[in-house]
Amino acid sequence: MPRTYEEELKYIERINGHCWRIKKGFVPNMNVEGIFYVNNHLEKLMFEELENSTKFGGIGGFLPGMKQIANVAALPGIVGRSVGLPDVHSGYGFAIGNMAAFDYNDPKAIVSPGGVGFDINCGVRLLRTNLTEKDVQPMKEQLAQAMFDHIPVGVGSKGVIPMNAKDLEEALEMGMDWSLREGYSWAEDKEHCEEYGRMLQADPTKVSQRAKKRGLPQLGTLGAGNHYAEIQVVDEIYDRFAAGKMGIDFKGQVCVMIHCGSRGLGHQVATDALVAMEKAMKRDQIQTNDRQLACALIQSPEGQDYLKGMYAAANYAWVNRSSMTFLARQAFARCFNSAPDDLDMHLIYDVSHNIAKVEEHVMSDGKQKTLLVHRKGATRAFPPHHPLIPVDYQITGQPVLIGGTMGTCSYVLTGTEQGMKETFGSTCHGAGRALSRAKSRRNLNWYEVLDELKEKGIAIRVASPKLVQEEAPDSYKNVTDVVETCHAAGISKLAVKLRPIAVIKG
Amino acid sequence: MENYQFVVIGGGISGVTCVESIATFDSTARILLLTGTPLIKAITNYVKVSKFLEEFDIEEKPFSYLAEQYSNLVIKNQVVERLDTDKQIIVCSDNTQIHYDKLCICTGARPKLLSNTNPYVLGIRDTETVESFQKKLLTAKQIVIVGNGGIATELVYEVEHCSVIWAIKDEHISTTFFDEAAARFFLDRIQIVKEKQKLNEKRRKYEVTNQPTNVEISSSNICGGALGPDWAANRSMKGASSESRQVHIEYEVEVKNILTPEQYQQRQHPIENLPVSQEEQQWPVYVELTNGKMFGCDFIVSAIGVTPNVEMFLKSANFTLGIDGGLLVDETMRTSIKNIFACGDVCTAGWTLAEHWFQMRLWSQARQMGHYAGKCMLAYAHNEQDSLTMDFCFELFAHTTKFFNMKVVLLGNYHENDMKKYENLIRMTPGEEYIRVTLKDGRVHGCVFIGDTELEETFENLILNQIDVSAFGETLLDPNIDIADYFD
């Protein structure tokens with residue numbers, strides 16, 4: 001018997017003004033509790049989404065964020081809590097904006113590709129320049145065009161940086177070290193990237209032929225959909241000191257943000273792993289609440305193979321972002337007739353928001369543990385003095401780059417101690433959309449054509465058309481709400497706000 | 001007699017890409033490109049959008065810029081007369097003889113014409129024929145376009161100030177690309193005035209070099225490289241009519257007869273007077289359709305497909321042909337004759353095709369084949385053919401184009417002929433977008449995207465990943481769900 005909305009609510013309890021807990025029992029087999037961070041607006045959306053699913057039987061096969069967070073809490077070996085960041089929304093397996101950590105040394109603990117995402121190491125990097133908005137405005141179109149010319153975009157686009165199969169193997173193994181060797185990266189770029197742009201345990205032999213074939217023509221391409229490059233200007237500086245450490249000194253300062261991942265290669269690595277793990281789950285007697293949460297024991301061959309292949313895919317994404325950095329620097333240099341060095345086009349930082357990493361964390365009982373932290377649609381946010389962040393950010397904490405949806409503003413935050421404690425050093429990644437119910441509209445005249453086709457024996461189903469702007473439901477978790485919630489909750493701190501002045505996309 | 005390791009015949013997109021591919025992967029290779037017409041080149045900086053950009057950003061980079069980098073690449077304007085495939089010798093029309101180790105035929109295809117002799121019947125294939133068309137159009141008030149593929153569809157949209165009678169043999173327009181429902185979606189747009197091109201669009205533009213050809217081209221059978229994407233975009237296609245737009249479509253017809261004015265007079269058959277013409281017009285040519293209707297017009301465009309340029313090669317050796325008349329090639333682009341490869345429009349894909357790929361004589365495929373053929377030729381030359389694997393582009397049919405100023409993306413098994421084999425999920429927002437996703441066993445196998453749907457990449461991945469999406473049903477295309485994000 002499915003529960004009513006009121007019955008469901010009994011499992012959800014407010015902790016404080018921006019945080020709720022999901023109690024065990026909300027879904028079966030929960031090993032730990034779930035929590036999610038919201039502000040007033042986001043709270044409304046979370047609960048509406050849950051209500052819709054109880055009252056109307058959900059929306060197709062899509063589960064509300066709260067349920068997904070809870071299903072993750074039911075995975076074997078999870079420690080701490082299954083965390084929903086403020087931008088949490090429906091995703092394959094894990095929700096996007098869900099962090100979950102597993103005890104690496106627990107023989108029963110699992111790793112799940114759904115907790116990383118298909119676009120492995122989808123991430124964001126931010127370059128600064130010493131240009132002002134005034135410098136760039138008259139050149140804006142030309143600059144955007146130059147970026148367009150240098151960076152291939154769109155479905156089926158081919159990279160301009162020549163690469164053969166051997167190059168790809170090396171890139172998968174070496175990550176940004178490959179870019180550095182080939183001259184696409186500056187030495188300082190490595191320092192300002194998570195993992196120094198290379199996951200050492202990567203193993204290209206764990207990446208299938210098909211994945212490599214998909215990846216070969218796509219290096220240095222932006223793809224389409226929600227991946228983009230933006231020319232941005234600093235709109236607000238909230239934390240002058242932290243911004244200064246990043247080389248951001250004044251409003252109107254021009255920056256370049258690049259948002260993309262491992263494209264087809266990541267997708268194939270994830271797909272291959274899901275297939276292999278589904279098979280192994282019976283053997284290892286692993287059960288989950290959702291088929292999309294296919295997973296494997298971390299220590300099993302499938303688990304280890306996935307990790308090593310996933311790290312290689314992550315390396316590919318860093319090579320991809322490095323290539324695009326190179327191309328962006330070229331574009332600017334051409335337009336301003338100046339070396340990228342003279343334009344101070346340094347890499348501020350590069351963050352991943354679809355990845356799983358092995359990290360050391362101190363648990364609530366004071367004990368230190370090695371954890372496998374899944375961050376899907378979530379960004380690492382390490383605090384000041386953490387050994388894994390670059391020297392220049394030791395006092396301020398790790399920069400966290402939050403790209404809004406293309407065309408809206410973006411933010412830079414810094415990591416905090418509180419975040420380290422509450423979410424294993426994780427924070428949001430951007431924006432999102434809650435599941436919503438919208439009335440469907442039908443254009444009767446047009447549908448005659450479809451009836452005719454049906455009569456000819458063609459199987460057709462019809463989805464609702466897009467609604468006009470005014471009719472569209474407000475289900476949008478915008479980036480400003482999201483980062484302000486993170487800031488209010490203390491899990492990361494606002495530093496800079498950026499607004500786009502040109503967008504390059506597929 | 002000259003000798004080359006690699007010889008490519010044909011200076012269109014497949015030939016030039018093939019040469020580029022060989023030169024990129026082996027800078028020591030001795031390569032010869034033989035072309036009877038001016039070379040295709042790529043304009044790498046897209047000239048578009050604003051006056052500002054046009055003034056600053058024109059930079060043409062001929063493909064031969066690679067040739068300039070590689071001293072071992074030679075380009076010659078020559079017409080090939082015949083091949084001696086046993087001795088591996090090419091004989092040119094001026095009696096020059098060239099020995100090859102590996103040869104690639106990239107001679108493309110030419111438009112099928114309703115009539116080879118009638119001066120009022122035009123085909124459109126290369127820049128020369130386009131320019132000829134533009135010139136004739138300037139004084140034209142009414143034309144008949146016969147054909148239902150890409151060129152016909154693009155032309156109908158691009159032609160302004162000239163009444164167009166579009167004669168198609170199918171039940172609906174643009175059958176190469178659209179099913180009936182998509183065609184219906186577009187019909188509303190046919191009569192609207194041509195819109196301005198959208199800003200900041202990223203499309204690669206192709207043109208022809210202005211290289212002087214100091215070679216006498218003996219036969220006029222040779223046409224230049226096919227036009228690239230957006231070939232019509234920057235060309236003025238204006239006729240002499242005062243009315244900016246009039247399109248009339250005749251369905252399920254073929255051309256029965258083409259008549260001179262005298263022949264027409266003798267027939268005394270009434271012609272269709274479309275609303276535009278005020279008085280009795282005297283047309284230079286008349287078209288009789290199989291439905292009995294007769295139209296007068298200034299000229300006729302024959303856009304009924306292309307036929308591969310294989311005749312000269314068939315005379316030289318016993319090449320195996322595919323069912324569509326092209327040179328049959330295997331999975332390493334080899335023809336049935338030793339050491340001879342073929343790619344682009346002249347060839348027919350003879351390997352076991354991947355589930356979601358099929359051959360269509362498209363610019364993009366010609367390019368992909370050229371690139372792959374180059375790699376194959378190199379591999380055979382170095383005895384490394386065992387390490388060859390097909391490029392990934394042959395796994396999934398993907399084509400991006402524009403019709404009636406709307407973006408169109410076609411993926412996998414999208415074709416109308418397949419609709420009965422699959423379940424079809426459709427989302428249509430009038431005037432804005434049309435999406436059809438074909439599904440089988442809960443997996444996506446093909447898609448049609450019209451408009452700025454932003455879904456192409458997501459569904460490309462769904463086809464390649466073969467993820468089971470049956471749980472979602474129709475909500476897979478629910479516009480309120482960010483499906484791209486979901487599968488990210």
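Placement of Cβ uses the backbone N, Cα and C atoms for every residue, glycine included.
The Mn(2+) 1 binding site annotation in TrEMBL covers A:Asp119, A:Cys122, A:His227. Annotated Mn(2+) 2 binding site per TrEMBL: A:Cys122, A:His259, A:His353, in sequence order. TrEMBL lists A:226-230, A:353-354, A:403-406, A:Ser410, A:429-432, A:Lys505 with the feature GMP binding site. What TrEMBL records for A:His429 is active site, GMP-histidine intermediate.
Between the alpha carbons (Cα) of A:Asn226 (GMP binding site) and A:His259 (Mn(2+) 2 binding site) lies a span of roughly 8 Å. Counting only residues at least six positions away in the same chain, the Cβ atoms of A:Gly261, A:Ser262, A:Arg263, A:Gly266, A:His267, A:Asn354 sit under 8 Å from the Cβ of A:Asp119 (Mn(2+) 1 binding site).
Of the candidate binding-site residues, A:Cys122, A:His227, A:His259, A:His353, the one lying closest to A:His429 (GMP binding site) when CA atoms are compared is A:His353. With respect to Cβ neighbours within 10 Å, the binding-site residues A:His227, A:His259, A:His353, A:His429 differ, and A:His227 shows the lowest count. For the recorded site, A:His259 (Mn(2+) 2 binding site), the DSSP three-state label reads strand. A straight line from the CA of A:Cys122 (Mn(2+) 1 binding site) to the CA of A:Gly432 (GMP binding site) spans 15 Å.
Checking each of the binding-site residues (A:His227, A:Ala229, A:Thr405, A:Gly432) against A:His353 (Mn(2+) 2 binding site), the C-alpha distance stays within 10 Å for none of them. Taking the centroid of the Cβ atoms of A:Cys122, A:His259, A:His353 as the Mn(2+) 2 site, the other same-chain residues with Cβ within 8 Å of it are A:Asp119, A:Asn121, A:Gly123, A:Val124, A:His227, A:Cys260, A:Gly261, A:Ser352, A:Asn354, A:Gly403, A:His429, A:Gly430. Of the listed binding-site residues, namely A:Asn354, A:Thr405, the sparsest Cβ surroundings within 10 Å are found at A:Thr405. Neighbour density for A:Ala229 (GMP binding site): within 10 A of its CB lie 29 other CB atoms from the protein chains shown. The subset of binding-site residues A:His259, A:His353, A:Asn354, A:His429 lying near chain B, with Cβ atoms under 8 Å apart, consists of A:Asn354. Counting only the Cα atoms, the space from A:Ala229 (GMP binding site) to A:His259 (Mn(2+) 2 binding site) is about 6 angstrom. It is 5 Å from the Cα atom of A:His227 (Mn(2+) 1 binding site) to that of A:His259 (Mn(2+) 2 binding site). Cα separation, A:His259 (Mn(2+) 2 binding site) to A:Thr405 (GMP binding site), rounded: 10 Å.
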